[in-house]
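Since the structure comes first, as structure tokens, the remarks are kept for the end.
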Amino acid sequence: VFCRFNGQQCTSDGQCCYGKCRTAFLRMICMGG
């Protein structure tokens, strides 16, 4: 399973390497860590 880094767009299930999938700039991106 691949994951997305901070600043990359994510899906509602939140496949982020670290941090969480949050709404920003009218889209979902990975933020935090």
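Cβ coordinates are placed from backbone N, Cα and C, and glycine is handled just like the others.
Of the listed cysteines (CYS17, CYS21), only CYS17 is recorded by Swiss-Prot as the disulfide partner of CYS3. Around CYS21 (disulfide bond), the C-beta neighbours below 8 angstroms that are at least 6 residues distant in the chain are CYS10, THR11, SER12, ASP13, GLY14, GLN15, MET28, ILE29, CYS30.
Under DSSP, CYS16 (disulfide bond) is assigned to a strand (E or B) in the three-state scheme.
Fewest other C-beta atoms within 10 angstroms, among the disulfide-bonded residues CYS16, CYS17, are seen around CYS17. The 10 Å shell around the Cβ of CYS30 (disulfide bond) contains 23 further Cβ atoms across the protein chains shown. Among the listed disulfide-bonded residues, namely CYS3, CYS10, the Cβ with the most fellow Cβ atoms inside 10 Å is that of CYS10.
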